[in-house]
Amino acid sequence: MTQLAIIGATASGKSDLAIKIAKKIDAYILSIDSLSIYKEIDIVSAKPSKKELEDIKHFGIDFLHVDDYFSVDIFINLYKEVLQICKEQKKNLIIVGGTSFYLKSLIEGLSAIPKISKEQELHVEIKLKNLQQCYDFLYSLDREYMKNISAKDSYRIEKALLLHVGSSLTPSEWFRQNPPIPVIKNIDIFNIDVSRDILRERILNRTKKMLDLGLIDEVCHLEKKYTRLPHAMNSIGIVETLEYIDGFISKDEMIEKISTHTAQLAKRQQTFNRTQFDTIRSAPLEKLEDIILSTLA
């Protein structure tokens, strides 16, 4: 069984390339996209079409409801399930998407976490009502660990507090005693190299297409069903559309803001992909298919 990963900035053509390769090497696809994993976020996430999803089996798409809890460890467990399915059905596996942090987590692994009782969870939940107090306590306990965490980062503060409550150790002590174990040891990683100008043009065109496909109706539906509280509702494309719905910006301003924020995200993705993987092969989209197939030959 062969595994490979195709990564790249948003709107770089990853999904189309992965589907092409999957058809040629008899592979399933595991999406590493932080929005496509949610049901009903279809237009904003630019999911593959229904036909494409029927032609090639995809995992990691429409996996959760918008208000479901999601973390990297859930994704890692999903990967393990998908890997087993591929082995049983004698299929290859292509990991594809723009959230390369998930891929990095598979390669580097995650540390085990202590078992947390219901009583401890409730204790932490009550404490978190005063987020600043929790942050100050953790900072005094483990300055080295907390100095890289914002006082407003409720997710990471909660994780750090749960670690301490469950283990009676500081986060730094816990991670020293429980180093991460890699989940994937060897995988070929291919990155789509695209110029910033071309990417900006693709992003603008995709934003306009999203509007034509019913972006505003989708966001209205999501807000009505889930409110604005779930983490996914803070995503690019949703936030700007809500600003338009609220009457704060015009439709043209909404398109401009979505395009600008998406381009900024793409720049961060390109930097991450370039700096966070030891071995990676980058090439323009039009050349990468041949490079991948020749590598697998």
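Residue 1 is the first one shown; counting continues down the chain.
Cβ coordinates are placed from backbone N, Cα and C, and glycine is handled just like the others.
As recorded in Swiss-Prot:
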BINDING   GLY8, ALA9, THR10, ALA11, SER12, GLY13, LYS14, SER15  ATP binding site
BINDING   THR10, ALA11, SER12, GLY13, LYS14, SER15  substrate binding site
REGION    33-36  region 'Interaction with substrate tRNA'
SITE      THR99  site 'Interaction with substrate tRNA'
Spatially closest candidate among THR10, GLY13, LYS14, SER15, the listed binding-site residues, to THR99 (site 'Interaction with substrate tRNA') (Cα to Cα): THR10
Cβ neighbours within the same chain of THR10 (ATP binding site) - under 8 Å, at least six residues apart: ALA46, GLY98, ILE203, THR262, LEU265, ALA266, GLN269
Set of same-chain residues at least 6 away whose C-beta sits under 8 angstroms from GLY13 (ATP binding site): ILE192, VAL194, LEU285
Other same-chain residues whose Cβ falls within 8 Å of the Cβ centroid of GLY8, ALA9, THR10, ALA11, SER12, GLY13, LYS14, SER15, the recorded ATP site, in sequence order: GLY98, ILE192, VAL194
Number of Cβ atoms other than its own within 10 Å, given for GLY8 (ATP binding site): 27
Sparsest Cβ surroundings (other CB atoms within 10 Å) among the recorded positions SER12, THR99: THR99
